[in-house]
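Annotated features, as they stand in TrEMBL:
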type	residues	note
DOMAIN	11-206	domain 'YjeF N-terminal'
BINDING	62-66, 123-129, 151, 260, 313, 363, 427	(6S)-NADPHX binding site
BINDING	63, 119, 154	K(+) binding site
DOMAIN	225-483	domain 'YjeF C-terminal'
BINDING	397, 398, 399, 400, 401, 426	AMP binding site
Ligand SMILES: NC(=O)C1=CN([C@@H]2O[C@H](COP(=O)(O)OP(=O)(O)OC[C@H]3O[C@@H](n4cnc5c(N)ncnc54)[C@H](O)[C@@H]3O)[C@@H](O)[C@H]2O)[C@@H](O)CC1
Ligand SMILES: [K+]
């Protein structure tokens, strides 16, 4: 089931729905217990709890309350806990009392050489960057100290994932009941994310009913899991043949620059058992690498396909515009990438109002060409807006890939590493997504599944060392095998 990522307001609605549990502080006690358990687990794994040192940075709201209650629990376990109150007169009164009674100490700065520091400055109520006093406290934290953020790393916007400067960079983020948007959008800033069960209604985690709570066009951010993708991945059945599994046509590369054609068709061949056609002047080079690809030099000679991929290394001249016009005039799903996006930027009318599914796959630079302005810090809003305005599905590439559908649904994927940031990796992505489109997956699924498998393949290929796109392509088949393995 896809995992939902909620706004701060949606989290508050879910919390309020628990009624008494919120009012009598039960939710906060459960949340802080979860934080304490994570810290204890970390210390226990590295030599035990007694005599270890933990610092807490406490803000003015309930996030600071969580941290102080957690600190009280840690102090009772024989850990030396010191809290710095950023706004002493506003610190959560009950939590402060509990912290003092448990033997926690207060200080104006954190002791040196702490094992763990807990960031309880702000959570979903935070606005803007870390304020100077808090920034100064964190600046003194040694690199060897493990930073555990309560709910969110402070200075990271809960809804947009914008990482303000300065902001806390966490090794572990402990959150409560449901994931916040920032946990995906600012994944690298959050570190490992632990979701603690605090008894929120379960229907906020991936339940289809949640859709009814969204106004039309409102952004709904979700992440596909490996299990979701495995279940949707096209696997040939008893009655399938080469045509029934979807034929993808790839228009990419050139005789002079055949690389994009080889990578895109190679990825399409590896991703599904459907057939791959190639159109373009790199036909001889493509066949030399992949004899199973059916190649022709001209679009007019191409046989039937169920989806088109157009653009990687395909040029931006008048002939390229004509080919783009021709494929977009069909009633087939079309993936538009790279050079074809540059061409499209000058002719958006080719896509706007198109009835058949269209998947645009820009990186940040191509996205700016399409919209006429930089993506900006709020990538989620930017990609959702373009999808809505053009009536297309838009996949914005990056460490966090976002795939937005015109109705406001957005699937996000954190690649987990940046090894795929290498020349030609986008060509591989286009081939994977194109073959999934041809197999009949909706564009948002084709894009999101391709992005996730691509990221896994990059990680598998790299295993700690830089890679080229050919390495990523070679890792595709074992990666899909791993995904589909029961
Ligand atoms: N409501 C609930 O039932 C629960 C809330 N929980 C915790 O409560 C948090 C939300 O608490 P609050 O609504 O009190 O909000 P926060 O504690 O996140 O922050 C609000 C306070 O921080 C100040 N502030 C905002 N931006 C700041 C900045 N950049 N620097 C310094 N101060 C800033 C505000 O003026 C306000 O006083 C959650 O993130 C979570 O940690 C948990 O205990 C779970 C249960
Ligand atoms: K925090």
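Note that the numbers count up from 1, one per residue, in the order the chain is shown.
Backbone N, Cα and C atoms are what each Cβ position is placed from, and that goes for glycine too.
The most densely surrounded of the binding-site residues 119, 151 is 119 (count of other Cβ atoms within 10 A of its Cβ). Sorting the binding-site residues 65, 398, 426 by the number of other Cβ atoms within 10 Å puts 65 first. Looking just at the domain 'YjeF C-terminal' (225-483), the mean pLDDT is 97. Counting Cβ atoms from all protein chains shown, residue 63 (K(+) binding site) has 25 others lying within 10 Å of its own Cβ. Here residue 426 (AMP binding site) is compared against the binding-site residues 119, 124, 363, and the shortest C-alpha distance is to 363. Listed in sequence order, the residues 57, 59, 64, 67, 120, 121, 122, 123, 126, 149, 150, 151, 152, 153, 168 complete the 8 Å Cβ shell around the K(+) site centroid, once 63, 119, 154 themselves are left out.
Taking all protein chains in view, 20 other C-beta atoms sit within 10 angstroms of the C-beta of residue 400 (AMP binding site). In this structure, none of the binding-site residues 62, 363, 397, 426 sits close to ligand 2 with a C-beta under 6 angstroms from any of its atoms. If you take the Cα of residue 400 (AMP binding site) and the Cα of residue 119 (K(+) binding site), they are about 24 angstrom apart, rounded to a whole number.
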